[in-house]
Each structure stands twice: as C-alpha cells, then as structure tokens.
C-alpha cells in the first residue's frame, strides 16, 4: 500500500482510505449502501408530459379560450340564414384549429428554442449576476448604515431632543369671543 493507494477487502483500489463510517464511494453502513442503490432519481428534463391536459396551471384560461360565440354574435332581430350561421361557425372553428396547428408546426419548435434560450439567460443572469450584486450591496451598505447610525445618534438625536423640549413648553389656548 504505497503511493497513497488503498485496497479494501473486496479488492477495490482507492486513493483515499475507507474510514470506520465509510466514505462517499463505499459506505460501510450496509443500510446506507442499499439506500444509495435503491434511490430513484427523478430528472426534471425527462419527466413525462400530459398530452391531454396541456395547461395544468391554467395560464391561458382567460386569454386564448376564444370560441365563435365570443367573437361573432347576432343580436335578437338580426339573424342570418341558419345555413350561413352554421357554415360560419364551422369555418371559424376549423380555420382557427388548423391554422393554430400549422403555426405551431412551423414556429413552435423555433419559438420553444428562443424562449428556452431566453429563460436560460435570465436564470443565468439572476443566479450569477443579480443575486451576487444584491448580496454585495447589502454587505457594503452595512458599513454605511453603521456610520449613519452613529451620525444620527451623535448629532441628530440630541438636536431633535432639544427642539422637542423647546416646543413641548408651548401652550396654546383658544377662546371663542362672542
């Protein structure tokens, strides 16, 4: 066992010795070892998607649920022929349905790519720029706040206390003369 390499009882070679409680590569605790092998890892990138309910968080409930009745309506007394009304309904519904599918087929993946890149950049900037800047600012402002606190307690507190004592002795009496 030279050169900092260690071999365990099963013949595995390690660069670090196995301690009594084990290490991250080979725990001595059998329960812990079994738990590590039995854990199921769930990855957010490989989760199953629901092809039936595609808006589980109801993001677009009030925005894009536009039906024929929401757009075109004939008031009482001004009705077109029933056949025209049915054909208009069918034309509107089918056109909206298939044109949405066509646009989704043409632009869905590129838009998903663009929005994925955008939110990746946004997340990156938030994690690596915004939060550290805010933390840095809070650390730096602590020094200024201590100096400001000393200034207020040294100069402003006595001044305003004296002004308060001056004005506390003023009495106002109001009388109504008839």
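The backbone N, Cα and C atoms fix where each Cβ goes, glycine too.
Per Swiss-Prot, N-acetylserine is recorded for 2.
The feature phosphoserine is assigned by Swiss-Prot to 2 (among others).
Positions annotated as topological domain 'Cytoplasmic' by Swiss-Prot: 2-104 (among others). The average per-residue pLDDT of the prediction over the topological domain 'Cytoplasmic' (2-104) is 73, rounded to a whole number.
Residues or ranges marked as N6-acetyllysine in Swiss-Prot: 5.
According to Swiss-Prot, the phosphotyrosine annotation covers 6 (among others), on the basis of similarity to another entry.
Taken from Swiss-Prot, the feature phosphoserine covers 9 (among others), and the record attributes it to similarity to another entry.
Under the heading phosphotyrosine, Swiss-Prot lists 14 (among others), citing similarity to another entry as support.
Look at Swiss-Prot and you will find 25 (among others) tagged as phosphotyrosine, backed by similarity to another entry.
For 82-94, the entry in Swiss-Prot reads region 'Interaction with CAVIN3'. Counted with DSSP, the region 'Interaction with CAVIN3' (82-94) comes out as 13 helix, 0 strand, 0 coil.
Annotation comment: Swiss-Prot describes 105-125 as intramembrane segment, evidence class sequence analysis.
Here Swiss-Prot flags 126-178 (among others) as topological domain 'Cytoplasmic', drawing on sequence analysis. According to DSSP, the topological domain 'Cytoplasmic' (126-178) comprises 43 helix, 0 strand, 10 coil.
As annotated by Swiss-Prot, region 'Interacts with SPRY1, SPRY2, SPRY3 and SPRY4' applies to 131-142 (among others).
What Swiss-Prot lists as S-palmitoyl cysteine is 133 (among others). Taking all protein chains in view, 10 other C-beta atoms sit within 10 angstroms of the C-beta of residue 133 (S-palmitoyl cysteine).
Annotation source Swiss-Prot lists S-palmitoyl cysteine at 143 (among others), citing similarity to another entry. If you take the C-beta of residue 143 (S-palmitoyl cysteine) and look for same-chain residues 6 or more apart in sequence within under 8 angstroms, you find none.
If you look up Swiss-Prot, you'll see 156 (among others) marked as S-palmitoyl cysteine. When other Cβ atoms within 10 Å of the Cβ of residue 156 (S-palmitoyl cysteine) are tallied across all protein chains shown, the result is 11.
Among the features that Swiss-Prot reports, region 'Interacts with SPRY1, SPRY2, SPRY3 and SPRY4' is placed at 167-178 (among others).
On the backbone, the CA of residue 156 (S-palmitoyl cysteine) and the CA of residue 133 (S-palmitoyl cysteine) stand 32 Å apart.
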